[in-house]
Amino acid sequence: MDSSCLNATTKMLATAPARGNVMSTSKPLAFSIERIMARTPEPKALPVPHFLQGAVPKGDPKHSLHLNSSIPCMIPFVPVAYDTNSKAGVNGSEPRKASLEVPAPPAVAPSAPAFSCSDLLNCALSLKGDLARDALPLQQYKLVRPRVVNHSSFHAMGALCYLNRGDGPCHPAASVNIHPVASYFLSSPLHPQPKTYLAERNKLVVPAVEKLPSGVAFKDLSQAQLQHYMKESAQLLSEKIAFKTSDFSRGSPNAKPKVFTCEVCGKVFNAHYNLTRHMPVHTGARPFVCKVCGKGFRQASTLCRHKIIHTQEKPHKCNQCGKAFNRSSTLNTHTRIHAGYKPFVCEFCGKGFHQKGNYKNHKLTHSGEKQFKCNICNKAFHQVYNLTFHMHTHNDKKPFTCPTCGKGFCRNFDLKKHVRKLHDSSLGLTRTPTGEPSSDPPPQLQQPPPAPLPPLQPTLPPPGPLPSGLHQGHQ
């Protein structure tokens, strides 16, 4: 047998209990539960505020809480001072300790009424009169950074604690569900109808006031209610407790600005990238050029949409008239024509439009200002595309040619009107619902049959004496 196995067997026999007649010598254990528990360090806790020191009467915490065991309450807030004069947050660092000034509690009048928390939270914490009302001027404090704090150092706080966070001014004595210790963790003044935060261990439950009334113990809630409150707490914490970092950073002098303004037109953007995309509107730069037709665009996305025109693909087809389009957005706009839907209405004349672009161009006609002027003949126009078509008259550029007669036009609209009026009528062509010409002859209207003519009557000579020649011949 190996020596290592022999040593292990010897140790096992030495520590094993006596069985039957076999006697073994017991050795003292190298560890003990008492020594392990004695070496367990106590959790570090924040010092108790001086206005709470001595306010808790001596006694058994378990008896005051009516609990069989003391469960530490974990509150995810740390009290941090906020100096209203210098607007500088204090988190306990040495250079900023000077602005953390907790005023001393005023003298308690002998006849002042006592405020006891034993009926609310069973923590046996009592404050008297003005001390309970003015123990902490909440307007001078503001929450800067949340942190999980083991507040077992507060005497007999127990497993149940209510945190109150509101938006309006209210003294702790004016609302029955406000705890003076919890007020120390507030970030804003209290409200007469506040939201209640139920904290038990590391689980934070944020129910609404109407769903969980004040004074309800944690043990009285069902498991379904707790799960429901836990789900609701996630959104509320992210919105309201997650915690004013934007407000705090906005007040910092070193915070980066979140507003970017165009120096030319004054338009505001929330990102520098959007401002960069906007600047070509003023500079006229069109860095994105189509390789097929050479047309330039300010944005790459506009160029991508333009490339579909050259593919001659029109996958989006109208179900009513059969007309096809390159983009689905164009089809959606086209369907407004069949539905008679004109969402863009002119404020001046009441005329409606299917498209927003046509609506904007129409409004320029009411302004009376023609800011687009021709450099050659000084003719002015309301809209820029009218000036573009007008420039073709000076350079004799007519890109749209009639395939029948060869006549050129500056606009495609004029070409279609020319074909519809001249060639379709002369060739007997009609337009189908899709807009394509058809060789079928146009239907002829049925005319009523002509009225019957009256019968012809023979014409007789008028009565009178016959001529002499005719009279003699008969004789």
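Keep in mind that glycine also has a Cβ here, set from the backbone N, Cα and C atoms.
Database features, via Swiss-Prot:
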{"type": "COMPBIAS", "residues": "427-437", "note": "compositional bias 'Polar residues'"}
{"type": "COMPBIAS", "residues": "439-466", "note": "compositional bias 'Pro residues'"}
{"type": "REGION", "residues": "425-475", "note": "region 'Disordered'"}
{"type": "MOTIF", "residues": "28-43", "note": "motif 'Engrailed homology 1 repressor'"}
{"type": "ZN_FING", "residues": "260-282", "note": "zinc finger"}
{"type": "ZN_FING", "residues": "288-310", "note": "zinc finger"}
{"type": "ZN_FING", "residues": "316-338", "note": "zinc finger"}
{"type": "ZN_FING", "residues": "344-366", "note": "zinc finger"}
{"type": "ZN_FING", "residues": "372-394", "note": "zinc finger"}
{"type": "ZN_FING", "residues": "400-423", "note": "zinc finger"}
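Only residues 6 or more beyond the boundaries of the zinc finger (288-310), in the same chain, are considered here, and those with a CB under 8 A from a CB of the stretch are 277, 280-281, 326-327. Among residues of the same chain six or more beyond the zinc finger (372-394), those with a C-beta under 8 A of the stretch's C-beta atoms are 361, 364-365, 410-411.
Residue counts for the zinc finger (316-338) under DSSP (helix as H, G, I; strand as E, B; rest coil) come to 11 helix, 4 strand, 8 coil. When pLDDT values are averaged over the zinc finger (400-423), the model yields 85. For the zinc finger (344-366), residue counts in helix, strand and coil come to 11 helix, 4 strand, 8 coil, using DSSP.
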